[in-house]
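A.B. asks: Just dropping this structure here.
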Amino acid sequence: MTHQFPALSTEQKKELATIAERIVAPGKGILAADESTGTMAKRFQKINVENTEENRRSFRDLLFSVDDSISESIGGVILFHETLYQKSDKGVLFPKVIKDKGIVVGIKVDKGTAGLAGTDGETTTQGLDGLSERCAQYKKDGCDFAKWRCVLKISDSCPSALGIAENANVLARYASICQQNGLVPIVEPEILPDGDHDLKQCQYATEKVLAAVYKALSDHHVYLEGTLLKPNMVTAGHSCTKKYTPLEVAMATVTALRRTVPAAVPGICFLSGGQSEEEASLNLNAMNQLSLHRPWKLSFSYGRALQASALSAWKGQAANKKASQDAFVTRAKINSLASKGEYKPSGQAGQASTQSLFTASYTY
C-alpha cells in the first residue's frame, strides 16, 4: 500500500493544473456549446429554424466570432465533435477561432446514457471504449479539456447505491484516461431537477453523490489539481410547491460542496439545469457573496443559460446576428460578475432571460 506507481509525471501534472487554472481564472467560466445534433433540433424548433449542419455552424459561428473581449468572461468553450471540425464564416477552423481569443477549447467525449437493469430507471454513461484513442486525437486537434456527463435522479428509491457507485466509477475512469492524454477532465455528476423533492433532499443526495465521486477519483489516482467539477446547484425539484430564495439555494449548495469537494480542486463550474438565464446568474452570485469559506472558484458552465436570449434574438436570420451576439455577450458579462459576487440586477431582465429552460429528463 505504501508504494505508488506514479500515474502522471511532474510535467504532465503541471500542464493539467495550468489548463484548469486558465479556464477558471477570476471572472471566467465556461460556455457549454456541446449540444448534440438532436438537442440542437429542440432548440431550433422553438425559433422555427431547420436543424441543418449549416444552421448549427452558423449559430455557433455567431457565438465564437463575438468581440475578443469575451475572453474576460469566458475561459473555456465545450464543443461537440461535429463543431470541432467546422469553420467560421471566414474559413477558419472553430478551435483556432476560439484559441486566438485566448480561450481554452474543450470537447464532449461521452456517448450518452444507458439503462441500469434492476433499478428504477437509473442510468450509467457509455463511451469508455476507445476513449484513450479519441482523447489523443482531440488533443492533437487543439482540445485541452474534456467533459463527460453522468445523470442521477431523486425519487423514493433514487439515487440508489448501485446508481451512485457505477456513475462515480465511470467518471473516475474517464478522468484518469483524459489526464493520461493531456486533457483536463470536467467531472459532471448531474442530479436532475425533475421531481417534487425539497431543498434538503437535494442537498442530501448531492452530498452522497459527490462523496462517492471523490472517493472514486482517489481510488483511480486522479490528479485533482488537474480537474474541474461540473455539478448541479442544490435546488428543489421542479414540481416542489415551496420556492426557495437564491440565498437558500446558495447556502445549501456551498454547504454540500464544503462537505465533499477537496480544496485541491481548482474550480467548480455549475451547470444551469434548466434554470432561467437570470435565475442561474442570481444563484451563482449569491454563492459568491456568502461569508462561508470557499477554497475553490465557484463559476459557471452554462449552455441554455448563456444562449437562450441569443437564440431568441437570432431566429436563424443573418440580419439579427449583431443583436444575437449582443444578447450573448450581455449574459456572459453578467455571469462573469456573478462568479465574483458582483452582479447587481437592474430589475430590467428581458423576457427571454427569465423564462424557465426546464426540459423533463433532459438529455444532451
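Glycine too: its Cβ is placed from the backbone N, Cα and C atoms.
Pulled from Swiss-Prot, these are the listed features:
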type: ACT_SITE; residues: Glu188; note: active site, proton acceptor
type: ACT_SITE; residues: Lys230; note: active site, schiff-base intermediate with dihydroxyacetone-P
type: BINDING; residues: Arg56, Lys147; note: substrate binding site
A.B. asks: Does anything in the same chain, at least 6 positions from Lys147 (substrate binding site), have a Cβ under 8 Å from its Cβ, and if so what?
C.D. replies: Ala32, Asp34, Ile78, Gly106, Ile107, Lys108, Val109, Asp110, Pro185, Ile186, Glu188, Lys230
A.B. asks: Sorted by position, what residues of the same chain at least six away from Arg56 (substrate binding site) have a C-beta under 8 A from it?
C.D. replies: Thr37, Met40, Glu82, Thr83
A.B. asks: Glu188 (active site, proton acceptor) has how many other Cβ neighbours within 10 Å of its own Cβ?
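C.D. replies: Its Cβ shell of radius 10 Å holds 25 other Cβ atoms.
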